[in-house]
Each structure stands twice: as structure tokens, then as C-alpha cells.
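A.B. asks: I'd like to ask you about the structure that follows.
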Amino acid sequence: MNRKDEHVSLAKAFHKPRLNDFDAVQIIHQSFPEIDSAQVTLETELFGRSFATPFFINAMTGGSEKSKKINQDLAEVAKACDLMMATGSVSAALKDPALSDTFQVVRQVNPEGFLLANVGAGSSVENALRAIDLFEADALQIHLNAPQELVMPEGDREFSNWLSLLEQIVKAAPVPVVVKEVGFGMTRETIQQLISVGVQTIDVAGSGGTSFTQIENARRKKREIAYLNHFGQSTVISLLEANEVQHSFTTIASGGIRDAFDIFKALCLGAKSVGISATILTMLLDKGPEETIATIQSWKEQLQLLYTMVGQTLTQDLTNVPLIFSGSVKDWCHARHISLSDYSFR
């Protein structure tokens, strides 16, 4: 089986909605919202422009005939729901141009959509620019995935030039650059490193959803590295870490997003937009594009209600919503000197 198809198959097999750190985030209820729901707008600002919806379809697949159909369907969903969309890593098409159409289909289906191409952190400037040109991408995602590479039987083992390559790509790219994790999360130290090389938009992409160490371990003959199946910081913890960084940058959240309430909590924690991968992929494969579109439209309606419930009309003002943390999230905050009262009394 093609490795990309294997990833999709395993991601779906391992996708079981379960408890994650979003369940450790409690919204403090105040009895008087004092707004009219009609005043609420879901718009958010990203890349210096306005988006109608504060969530998007995040990087998933491409590079095989099977994944071409998935990308086609995802692009149709993105178009129908007016969502930004990222493809999976385009590295396969850069190596074999015959696979280019498995990614280009997203632009063919959604010619006016805001689309992101995706490459790995070890990519050269030349390949990053080729990725953008592949389907006239509006932005470039660069993924950080060292644990995945190390567990992957055929993965990379050399990471010494990642940061310097990122700096070169940021300077050369004619479109905005997003640097994202792939489900292992980030700390304030990582974010500060990214800012130091010019990165302005960061997707913390924490654990709690798809685990690429689990997927790659399942591809190993002996499956001997199962202890890394749930390695990394959660999305909630990564957002809390991001808020400790003093420099100005834009935060995107992804990893373990199950429903509208998780999207809402991520926005309350400071994300400007929220990426969703496995939840949408599983829905698409199980129920098809029409039901996926209906669910996403329902999420938008639910967000309208949630904004109203906490008395906020704008996405950017959700960071005023008071929050309480419990369990391992609370323990992390204590260990990393993150003030709980800054959130519970805001």
C-alpha cells in the first residue's frame, strides 16, 4: 500500500473520539450575556485579511489516486462551507510530477478558495517555492514532525538544518508562511525560536487527536515504540504556552478538535483560527461530503450560540471569557509558572 494511503487508513482506524485536555477546560458561566445573538459575527483575522469562519480544514493527504479523491471531496466541502483548506505534504508530487494532480485538484474544484500547500521542515527553498506554484497556493504550511520521522522506519534522522532552512524559506516565500507541528504540540521556547527566524503565524498542533508516532509505530514490524503513541503536549497546553510568549505573532490551534465546543475553547485560549483534520476526514469517509457539509454548517450555528452565551460578539474578544483548568493541565500550569488566576478572573 502507498505510504500516504497507509497513513489515511491508519489515521481513520485510530480515530476514536476520546477524552482529551479540552475536557479539562471549564467555561465560567455568567448569567447575563447582555447581547443579542444577531450581533455576533464569526469573522477572524489571519494573514492580514478577514475570514468568515474561525476554523478550517487542516493538512491531511495527497500523493496517490485514492488521496486525490479525498482531496477533491475536501475541496468541495471547503468551497461549500467557505473554509480555508490545507493539503497534506506535497513532497510526493515534488519527487514525482505524475502525482501533481492529486494536489492540483483542490484548486480545480475551488478556484477562488484560500488554499495552503504543505512541505516538511527539511525542505529546500527551491522545493518550498515549487510547492506554492503547484496549485497557486495562497499560503505555505511547513510542518515540524521530528518524533514522527524518528519512529517512521524510512524517516529522516538529520535535523540540524531545520531552523536555518525555515529562515531562508520565510524570507523567500511570496506568500504567508505558517509553521505547524503535527500533533506533538509546542512550548514557549519553540515558539520563540520560530519568531527569531521570522515566522509570524504558528499552528501549535498539539496532541489529543491523530498520533503520527502511533501511525508510524503500526508500520514497524515489531511495533516496539508504542510508548510514544501519545507523546507530546496537548493543544490546550500548547496554547497556554503560546500565551506566555511576549513577542507578537498569530496563533492557530489544531489537534484533537472534536466539535464546535472544542473550537470555541481554542478560540477562548487565544487561537485566531482552528484547524480540523481527523474529525472531518473520518466524517467524510464514513458519511460523504453532503453530511460533512451539514455538520460543518451546524458547527457554525453552534458557535453563534456559544459566543452569545458568554456575551461576546467578536471572535477576538473571546479571550475575555474566564476559564478554569483541572487535572494535568492545572499541574502543567503550576510546573511552568503559568498563572491560573489570569484566566479565571479575566
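Backbone N, Cα and C atoms are what each Cβ position is placed from, and that goes for glycine too.
From TrEMBL, here are the annotated features:
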- R3, K4, Q148: substrate binding site (BINDING)
- A59, M60, T61, S89, N118, K180, T210, G256, I257, R258, S277, A278: FMN binding site (BINDING)
- E149: Mg(2+) binding site (BINDING)
- 161-319: domain 'FMN-dependent dehydrogenase' (DOMAIN)
A.B. asks: Which of the three DSSP-derived classes (helix, strand, coil) applies to T210 (FMN binding site)?
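C.D. replies: DSSP assigns T210 (FMN binding site) to coil.
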A.B. asks: Give the helix, strand or coil assignment DSSP yields for Q148 (substrate binding site).
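C.D. replies: In three-state terms, Q148 (substrate binding site) counts as helix.
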A.B. asks: Over all pairs within A59, M60, T61, S89, N118, K180, T210, G256, I257, R258, S277, A278, the annotated FMN binders, what is the largest Cα to Cα distance, rounded to whole Å?
C.D. replies: 23
A.B. asks: Where among the binding-site residues A59, I257 do you find the Cβ with the fewest other Cβ atoms within 10 Å?
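C.D. replies: Across A59, I257, these binding-site residues, the one with fewest Cβ atoms within 10 Å is A59.
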A.B. asks: Would you count the other C-beta atoms found within 10 angstroms of the C-beta of Q148 (substrate binding site) for me?
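C.D. replies: Its Cβ has 26 other Cβ atoms within 10 Å.
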A.B. asks: In whole Å, how far does the CA atom of T210 (FMN binding site) lie from that of Q148 (substrate binding site)?
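C.D. replies: The separation of the Cα atoms works out to 12 Å.
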A.B. asks: May I ask for the distance between E149 (Mg(2+) binding site) and T61 (FMN binding site), taken between their Cα atoms and rounded to an integer number of Å?
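C.D. replies: Roughly 17 Å, rounded to the nearest whole number.
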A.B. asks: Applying a 10 Å Cβ distance cut-off over all chains shown, what neighbour count does S277 (FMN binding site) have?
C.D. replies: 26
A.B. asks: Looking only at Cβ atoms, how many others are within 10 Å of the one on E149 (Mg(2+) binding site)?
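C.D. replies: That number is 20.
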A.B. asks: Where A59 (FMN binding site) and Q148 (substrate binding site) are concerned, what is their Cα separation in Å, rounded?
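C.D. replies: Cα to Cα, A59 (FMN binding site) and Q148 (substrate binding site) are separated by 15 Å.
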